[in-house]
Amino acid sequence: MNYTSVNKIRLWVLIVFLILYNIKCICENISDLKKRLCFNNFSNSKKKIKKKWLAKKKKNYLTIWKNKTYTTKRRNGYGKIEYKREENKKDDYNFMNTSLYLNYISNVKNFLFNKNNNKKNKIYYHKCKKSNIIEAKINDNDTLLSDEEFRNDVDRNDKEYYNIKKEYSENVCNQNRINDLSNCSVSSNNNILNECSSEVKKEMNYPLHNELYDNLNDNTIGHLKSEKCKEKYIRNFCILAHIDSGKSTLADRFLELTNTIKKKRMQEQFLDMMCLEREKGITIKLKAVRMHYNNYVFNLIDTPGHFDFYHEVKRSLNVCEGAILLIDGGKGIQSQTLNIFFELKKHDIKIIPVINKIDLSTCLYDKIKDDLINKFNFKENEILKISAKYGKNVKMLFQRIISDIPPPINTINSFFRGVVFDSFFDQYKGVVLIIKVLNGELRKKTEIFFINSAKSYIIQEVGYLVPEMKPTDVISQGDIAYVCSNIRNCDDIQISETIVNKDIIKKNNHNEFVINFKKINLGRDKNIMQRLSDEGKQYLTHHNKGEIKGDENGQVKCDENGQVKCDENGQVKCDENGQVKCDENGQVKCDENGQVKCDENGQVKCDENGQVKCDENGQVKCDENGQVKCDENGQVKCDENGQVKCDENGQVKCDKNKGEIKSFQYNEVKVDERYERNKEEIIYDHEHKKEGIFNIHKNDDLIKENIKEKENFSCSIQGNDNAIPILKKTDINIKSIAANKIEASYPSVYCNIYCVNDKKSNELEMSLNKLKLNDSSFSFKKYICETLGKGFKCGFNGLLHLNIIQERIKREYNIDTIVTAPSVNYLIRVKEKYMDKRLKEKLLEKNFDIQNMHIEQMDKTSSDDCFFFMTSNVNDIPTKNVVHSIYEPYVKTNIITPEIYQKYIMNECFKRRGIFIKKEIMNDQIIFLFEMPLSEILINFLDQIKSSTKGYGSMSYENIIIYKPSELYKIHIYINKKKIDSLSFLAHKRNYEDKSRKLVSKLKTLINPHQFLIIIQAALESKIFVSEKIKPLKKNVTAKCYGGDITRRRKLIEKQNEGKKKMFEIGKVKLPPNIFTKLFDIKSE
């Protein structure tokens, strides 16, 4: 085939494509023409149709050769000609905005029911579920037809039947435009629908008749986009599982099926963006990503599975309403699965159990399903089976997420409040905060206030993680988003920090940050001061679950037994506003016995903090009328018996002058411990004359001096000698609206990090600050060592965590470091009478309070002459005659193994001084519970379990530490008679000699030979019990002697030996940088 024939074929192919494109343009123009005819008084002239679509055809044919900007001339919905400058010509009527659509319907009505129009036209209205097409159907009487009438009329009037295509666009929905009618069934609250409709009415440019608007409000508008509607379409959830269960693979399927990531960019474990994560095949950091699926917004958080990063899981649970519990179908329930399940139960969030890897031939689906039903009390219909690798049944999981996981809880507070659960440092934007918006909305250029650090910043950028940062104009309630404020100081940010609008904060006369109620839009709740407690937490702190509406009198009636029945959790669930409506007197009436029975804890829980505490019997006793009247703080103070003494009328009243304090004697008043803890002695509010506060304190002069101004105080309870006159504080501290703090993760492993090059010590400190910002469980402080110089004492959650931090310092900041031997915190009990003055001053700074610690087998002898301190540095422990006892940390360890390997597991645990507690049998697997020394399980314990069980065993431990007394010896390492502090360690009496010998022999192989003799020794106190030597490097000084007297040879050798002795005295042994990691079996690349 020659060159000319090839060109001919190409030309014919091009002509065929041009013809097909022209046919497509003709079809589109015909549909456009029908729409234009509807807007131009519905002219049905066939001549006009032909002329217009032929003209349109010619125009399209000419413009396909160039893709430039040009001007089009068309008529808008009002009949006026407008000129529009466009790029890339598209269908002008693919989407009609609110005013245009409603104007069209009004024109339809005017055209159909015009008396001068002899011809009866019909427009049919119908909702098509499969396609996004809305068809209007209106009969002659201006009423909707039934489905049968509609079908019959369609057959008779096919030519008078018009379709209006309205494509759903999510971007338009965010602009409060009209959504598809199929979404209308989601919203069942008519009040919300009316509010949404009123917002659309304000947005319209064209005036509407009330009759038409009412009709559209009920039948056409459907679900309208407003803030209250939007929250119901948000689902915040996380994926939790043991390591290597397929979490990241499932996250990839989520990204694919929601079209969040294009196929060209898609790769395996897309959310594992760190190089270390891809190399090691594990997830190290939680990742948040925003996805869209069927008009719903999915905020997914992918979490790590290794127990060294368990703090990431805890932080995720605080911002999610649901969780997917993923189980490996090939391995079944593992140790971390148990820990995750119990943690989920603590947070009381919805759990969706999912069995993954059903595509494997070795999948144990039936066995795992039975374990979930029997062990975790799941129902059979709640358990899903999927294949994350091939995407099987993942869409079914989407439907379960929509139906089972609740949306974010709606609050009526309009001010912004968000909680920080993650952060990282960007070179250009500073500290980037990952937050969840609890209520309100946040826009750019808004000034925010950090409640805990009391600092304010101006928002530079807000947006969503998709998973890259995508800026937007506003983030609203329920969203998980990022915030940039150009924060450069990493110490200003704390995890679980609460941020609010700066506008709602002011300073009172005592230089405290308090809530400015003038700036808060209270919505439907206007009597906020009556609902606030003395801390203000009942109303402002948490997003509540709703409102319990009473009868006509606003009362909550009890059953025959005089009880208010609770759910399984012992709670009374409220509605969306979190309110219990009372009658006009603000009372809740009780039964005939005047009692409200509570749960086992003696509480009736409304929202997370809204509790009604009762006496020891779990009862609140009332007067004859069954009423309990409260003070201005909404509280009822009880006596020793847990009762409130009333007068004849069953009420606690103040005097006639609205509770003014006419006389006061200090001896008649009991001091309240709560107020004695406050540093402020008397608080006097000058802004509010009618209401104020004072705290009882032991300073008589201040009380007498300030109590003279009686008009500024009001009494809450008076008439009882033992009663304390406590007044409501009109200024609510801003910390009272802070969100619940995320549970802190305390380090379990400590070691020192030093820089190989001392000049980079400042860079090392900056890098550690940035890593701490991104990893809240990591902690450090400055430390100086005599041998290694300036460094940092760092805390980690495990050896893998330590290894990851060291690798990140090297890769991200290009700093070579030396890491010392890992250690744990020991509790030391010291005899004070044997200490000298210098040692006493050194240790008194480390005195430790043991009241909140779990210590077993403590001596009952008097501890007046002893005190405790905690340390991870062996060199801080004094000599044996000063130390009374050393307490070692133990943790409860869960080990799951197949039954055939149980003897190997038990031997390994007993070898490491484990204490057996119990074991459970689950099918052919056994769950062991041991109490293990933390120092023993850190070093290669998991590797040993994996090798003993051929990879089927798993191990995890709780973060609760129990201290037990142990016979521990302090071992020092000497190199050339010089003690190396960084190599000292504690060892148990049972195996200290074996550990020391192994350590010394390893040092011998790791230290390179020098030109002088190197002696390595291990000593217990001052007794040396292990010693090794490294022979020096020698030069053959006698090589030049070819004969002669032997004395010549001896002189040369003696001279060399003398030089070696001098070098031994003044020479320094150089230790390789990675000696500590290799010495203690920490795997390093």
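Including glycine, each Cβ sits where the backbone N, Cα and C put it.
Taken verbatim from Swiss-Prot:
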- 241-248, 302-306, 356-359: GTP binding site (BINDING)
- 232-409: domain 'tr-type G' (DOMAIN)
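Sequence features, as recorded in Swiss-Prot, placed on the structure.
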| residue | record | contacts (Cβ under 8 Å, 6+ apart) |
| --- | --- | --- |
| Ala241 | GTP binding site | Lys247, Gly305, Leu325, Leu326, Ile327, Asp328, Gln336, Thr337, Ile340, Asn356 |
| Asp244 | GTP binding site | Gly281, Ile282, Gly305, Asp328 |
| Thr303 | GTP binding site | Cys238, Ile239, Leu240, Lys247, Thr283, Leu286, Glu312, Val313, Ser316 |
| His306 | GTP binding site | Ile243, Ile282, Gln336, Leu800 |
| Ile358 | GTP binding site | Gly329, Tyr365, Lys385, Ile386, Ser387, Lys392 |
Local Cβ density at Lys247 (GTP binding site) - other Cβ atoms counted within 10 Å: 26
